[in-house]
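According to TrEMBL, the protein carries these features:
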- 261: active site, nucleophile (ACT_SITE)
- 30, 35, 86, 121, 153, 264, 329: NAD(+) binding site (BINDING)
- 150, 151, 152, 153, 205, 250, 251, 252, 253, 254, 258, 322: substrate binding site (BINDING)
- 315-417: domain 'UDP-glucose/GDP-mannose dehydrogenase C-terminal' (DOMAIN)
Ligand code: NAD
């Protein structure tokens, strides 16, 4: 099948590449001309494990093309995927201007029947808005389908090639047949497509992300309480997770969730609720708890230094919002860095993958190190903000030699207490006994 993808970010580029890998011819459209030019030259604009190889293979096989011209791509395609940003507007609601402006363009360019598949995360009722926007410009028949995306950054290729399920919201038999054909390689291997109405499909995405945000936040509160009463969250986590109604995943406490999805989707669902006079109390609490959790270690660092961080050099390991991505949107590292700088500390940061994005944002407000150990040179303490694998088993002797002061504030509980307890460090993690 010939497919257009509009928007080549984490979702669009990965979706486009995997659809090409499944044998379709895919035209990726983006308004960012520099990005399009780079992709044409074979350069992948984001970090996503396994993507580059698949991307180059499909360009080589002439199944994957890039353009800034929506018209060109549309002429070739039967199906158009929207993978456009839906960032939080000023009031927290999802900003639909990208989705609706492209819908408007599609309405103007339509020459024959097409299926418009929305992969962006959008509030209930957006499929109707997209339909109305296109229909205002054309009499040519078309269908709009909701097909929310569940990929995880860092595992995006794996998730796109082997999704747990595909959700499709549509009442059009014609569109459903076309979508079923695209996803036939999945259904062949037993991956379910769950068909439903558009509104339920749109809400499934928000409900899923919000549920995960609640699960993480619940565990963070349990962790904070563990510290008050002398319980160990590692033990509690294992005990709870062994109940298969709960499961082990998303029970790891830390300095809060960030990223381009959970924070914005929780906000947007709260806002959508308000528009219907409905209070998502549990989500409001989740948001507040998470905001405080992100910087919970700043006050611990301050306490450790007797309330004064002026001139303290703080090493930060990890800048990405989570491991295996270069995405720094709403990353906890940034909240911590901002607060620490405000309090007069200096920062030497290390993140091999996300550094470039942080440089664009913070420039020389902080120093960047080429490896994890040089970030520790004369540092007064270390803050671990991202759970990159390379931090899991560090050489504590080298660390001790480099640091002014052997203190670690671990926002991602990287080390079992047994691994570090005889190393002579002050070690503060989340929900566990403080060492040293
Ligand atoms: P992104 O910001 O990484 O990428 C969006 C792309 O769209 C950018 O390349 C931008 O240049 C392009 N764009 C903007 N306006 C355009 C226009 N008018 N025409 C063509 N291209 C345009 O976004 P993302 O992270 O891929 O997210 C896209 C959507 O998918 C959002 O709604 C998000 O909530 C949802 N989503 C994201 C993830 C994730 O992990 N990132 C997972 C599931 C769902």
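Just so it is clear, glycine is given a Cβ too, placed from its N, Cα and C backbone atoms.
Given the structure is predicted, the values throughout are model-derived calculations rather than measurements.
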Helix, strand or coil at residue 152 (substrate binding site) [DSSP, three-state]: coil
Structural state of residue 261 (active site, nucleophile), classified by DSSP into three states: coil
In sequence order, those binding-site residues of 205, 251, 253, 258, 329 whose CB lies under 6 Å from ligand 1: none
Residue 264 (NAD(+) binding site) and residue 258 (substrate binding site), Cα-Cα, nearest whole angstrom: 9
Within the domain 'UDP-glucose/GDP-mannose dehydrogenase C-terminal' (315-417), residues counted as helix, strand or coil by DSSP: 36 helix, 18 strand, 49 coil
Count of other CB atoms lying within 10 Å of the CB belonging to residue 253 (substrate binding site): 27
Residue 251 (substrate binding site) CB neighbourhood, other CB atoms within 10 A: 19
Reduced DSSP assignment, residue 253 (substrate binding site): coil
Proximal residue to residue 152 (substrate binding site) among recorded positions 86, 121, 261 (C-alpha distance): 261
Residue 30 (NAD(+) binding site) - helix vs strand vs coil (DSSP): coil
Winner by Cβ contact number (other Cβ atoms within 10 Å) across the binding-site residues 264, 329: 264
